[in-house]
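According to TrEMBL:
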- 30-544: domain 'Major facilitator superfamily (MFS) profile' (DOMAIN)
- 30-55: transmembrane segment (TRANSMEM)
- 67-87: transmembrane segment (TRANSMEM)
- 99-117: transmembrane segment (TRANSMEM)
- 123-145: transmembrane segment (TRANSMEM)
- 157-179: transmembrane segment (TRANSMEM)
- 185-207: transmembrane segment (TRANSMEM)
- 274-297: transmembrane segment (TRANSMEM)
- 312-335: transmembrane segment (TRANSMEM)
- 342-362: transmembrane segment (TRANSMEM)
- 451-477: transmembrane segment (TRANSMEM)
- 489-510: transmembrane segment (TRANSMEM)
- 522-540: transmembrane segment (TRANSMEM)
Amino acid sequence: MEGGIHGGVDESAFRECFSLTWKNPYVLRLAFSAGIGGLLFGYDTGVISGALLYIKEDFKTVDRETWLQEMIVSMAVAGAIIGAAVGGWANDKFGRRSAILMADFLFLIGAIIMAVAPNPSLIVVGRVFVGLGVGMASMTAPLYISEASPAKIRGALVSTNGFLITGGQFLSYLINLAFTDVKGTWRWMLGIAGVPALLQFILMFTLPESPRWLYRKGREEEAKAIMRRIYSAEDVEQEIGALKDSVESEIFEEGSSEKINITKLCKTKTVRRGLIAGVGLQVFQQFVGINTVMYYSPTIFQLAGFASNRTAILLSLVTAGLNAFGSIISIYFIDRFGRKKLLIISLFGVIVSLGLLTGVFYEVTTHAPAVSSLETQRFNNVTCPDYSSSVQAQTWDCMTCLKASSPSCGFCSSPSGKEHPGACWVSNDSVKDLCHNENRLWYTRGCPSNFGWFALLGLGLYIIFFSPGMGTVPWIVNSEIYPLRFRGICGGIAATANWISNLIVAQSFLSLTEAIGTSWTFLMFGVISVIALLFVVVCVPETKGMPMEEIERMLEGRSLHFKFWKKRSQPDEKRNQSA
């Protein structure tokens with residue numbers, strides 16, 4: 001079984017991780033260089049939310065067709081599904097470092113294609129290439145960091161990947177905001193994504209392969225040399241011995257270290273139980289709705305009543321900043337509280353936040369300002385045709401106006417105040433300018449509302465609770481829960497499940513808000529969050545501070561540890577008691 005140092009994990013783990021800055025900067029260099037893959041992941045997730053607003057302005061077909069907007073967003077996710085699946089095989093075949101280099105190359109190609117795309121079709125092609133790179137990086141980066149980390153601070157170091165994901169999202173909103181008034185707005189937003197990919201490609205050339213992968217491939221001396229740079233002098237021989245025992249045990253039990261198939265995975269008890277926990281966490285991470293917030297947060301703020309693109313992006317910067325802050329909290333608490341406790345606290349908060357958002361959007365849709373016939377008919381050539389032909393025009397409000405489709409219509413707020421009755425006019429650029437010239441606000445996505453700031457509060461709470469737990473822990477658990485022999489392929493399966501779930505959510509969110517309303521959509525996410533909470537309590541084991549050999553033994557015996565709030569004995573303590 002693969003081992004690690006058996007010291008207990010306590011509140012000193014974060015301080016020890018921080019002390020690596022001067023004690024062993026080599027370990028931090030490995031972690032942060034690989035973690036740039038997380039930065040790519042985060043940047044791609046966040047940048048499209050702002051870029052989409054301006055792509056719609058340049059390409060009217062995108063503005064008219066909701067499915068095309070969802071296509072531009074979700075094709076990166078579709079690419080990531082393939083990238084994660086191929087990444088699992090590439091990790092085991094060519095190594096963790098080589099997989100990261102492949103991911104960087106694909107991401108760079110995709111960024112260039114998007115930056116020069118003359119039509120929506122090529123934007124979609126570029127998004128697929130970016131997705132392939134993100135998918136490979138998303139499962140490889142935490143795996144590389146985990147295999148090059150001492151057990152005591154493994155959680156904190158892998159959490160740096162989560163921090164860089166959220167940091168990438170925050171950076172993307174800063175870039176979005178910086179380029180709102182620059183010619184070629186969205187091209188700059190999407191093209192700059194190639195810079196961190198190029199940076200990581202250069203850095204990874206100067207770093208070694210994962211020592212555990214090298215050892216398993218028979219390159220023992222290379223592996224030992226790297227491990228001597230990672231571990232302290234008193235710990236390194238114990239780590240090398242445990243790794244040697246792990247590989248020899250696998251070869252003895254399986255007869256070969258290369259034959260891996262789905263049947264083998266399902267028949268191996270520890271792998272099967274690990275996959276249930278790991279894949280389940282990745283699926284629920286997406287189905288509680290996080291990427292509706294990250295992909296569509298400016299759109300959500302417009303649905304809540306903020307008309308301006310710039311304002312919507314600026315408010316999205318707040319949620320992205322909270323997301324980055326939450327990942328810092330995770331780095332501090334992951335090796336103190338443990339994985340399971342953080343997940344449960346996180347999901348409780350997510351459920352409450354989604355309940356608040358459900359209420360906010362219910363109020364927004366049921367208290368929309370009315371349509372004034374006097375205001376609407378001031379200019380005969382701009383009046384919404386559906387309004388003019390309606391026999392119940394006196395009952396129209398802003399929401400009714402925005403649902404008109406032949407042609408689409410927009411709502412121009414009242415000069416007396418946005419909550420007063422306004423005008424329902426045809427939606428085009430000249431009418432939009434007409435509304436703005438009268439110092440009024442123009443709405444095409446959501447309606448004026450006094451409840452909009454509560455949407456910011458709800459999204460902020462959602463992010464603060466999601467980020468430290470459900471945001472980072474699924475990736476950490478999947479980087480440490482599988483036996484060495486199956487780690488690449490199982491990590492690929494879990495990452496693929498994550499991206500498939502991501503695709504379903506990204507491709508359906510706008511359609512759901514149109515079909516059942518924003519309020520019911522968030523309520524649906526809330527119900528799924530309750531199911532996710534029950535899943536975590538029943539199916540997810542605690543792996544805090546456990547060497548990987550102990551995690552495997554625990555899964556073999558299936559110790560669920562329902563009383564997650566009580567401190568569990570460390571492996572050494574148990575052995576001493578039984579000695």
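Placement of Cβ uses the backbone N, Cα and C atoms for every residue, glycine included.
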- In the predicted model, what is the mean pLDDT computed over the domain 'Major facilitator superfamily (MFS) profile' (30-544)? 82
- Okay, the transmembrane segment (489-510) and the transmembrane segment (274-297): do they have at least three CB pairs under 8 Å, pairs separated by 6 or more? yes
- Determine which recorded stretch among 30-55, 99-117, 157-179, 489-510 has the most C-beta pairs below 8 angstroms with the transmembrane segment (451-477). 157-179
- Query: the transmembrane segment (157-179): which same-chain residues, six or more beyond its ends, come within Cβ distance under 8 Å?
  - Reply: 17, 27, 31-32, 34-47, 49-51, 141-142, 145-146, 149, 185, 188-189, 192, 196, 294, 310, 313-314, 316-317, 320-321, 323-324, 326-328, 330-331, 334, 467, 471-472, 475-476, 479-480
- Determine which recorded stretch among 67-87, 99-117, 489-510, 522-540 has the most C-beta pairs below 8 angstroms with the transmembrane segment (185-207). 99-117
- seg_contact(the transmembrane segment (489-510), the transmembrane segment (67-87)) with at least 3 CB pairs under 8 angstroms, min sep 6: yes
- Mind pulling out the one from 30-55, 99-117, 123-145, 342-362 with the most Cβ pairs under 8 angstroms to the transmembrane segment (522-540)? 342-362
- Query: Considering only Cβ pairs under 8 Å, which range in 30-55, 67-87, 99-117, 123-145, 312-335 makes the most contacts with the transmembrane segment (342-362)?
  - Reply: 312-335
- Query: the transmembrane segment (123-145) and the transmembrane segment (67-87): do they have three or more Cβ pairs under 8 Å, with pairs 6 or more apart in sequence?
  - Reply: yes
- Message: For the transmembrane segment (123-145), give me same-chain residues lying six or more residues beyond its boundaries with a C-beta closer than 8 angstroms to one of its C-beta atoms, as numbers and ranges.
- Response: 30-31, 34-38, 40-41, 44, 48, 55, 71-73, 75-88, 90-91, 96-97, 99-100, 102-115, 117, 157-158, 160-161, 190, 193, 197, 210, 475-476, 478-479, 487-488, 491-492, 494-496, 498-499
- Query: By Cβ distance under 8 Å, which residues at least 6 away from the ends of the transmembrane segment (312-335) in the same chain are close to it?
  - Reply: 9, 13-14, 17, 46, 49-50, 53, 152-156, 159-160, 162-163, 165-167, 169-170, 172-174, 176-177, 180, 293-294, 297-299, 301-302, 306, 342, 456, 459-460, 463-469, 471-473, 476, 544-545
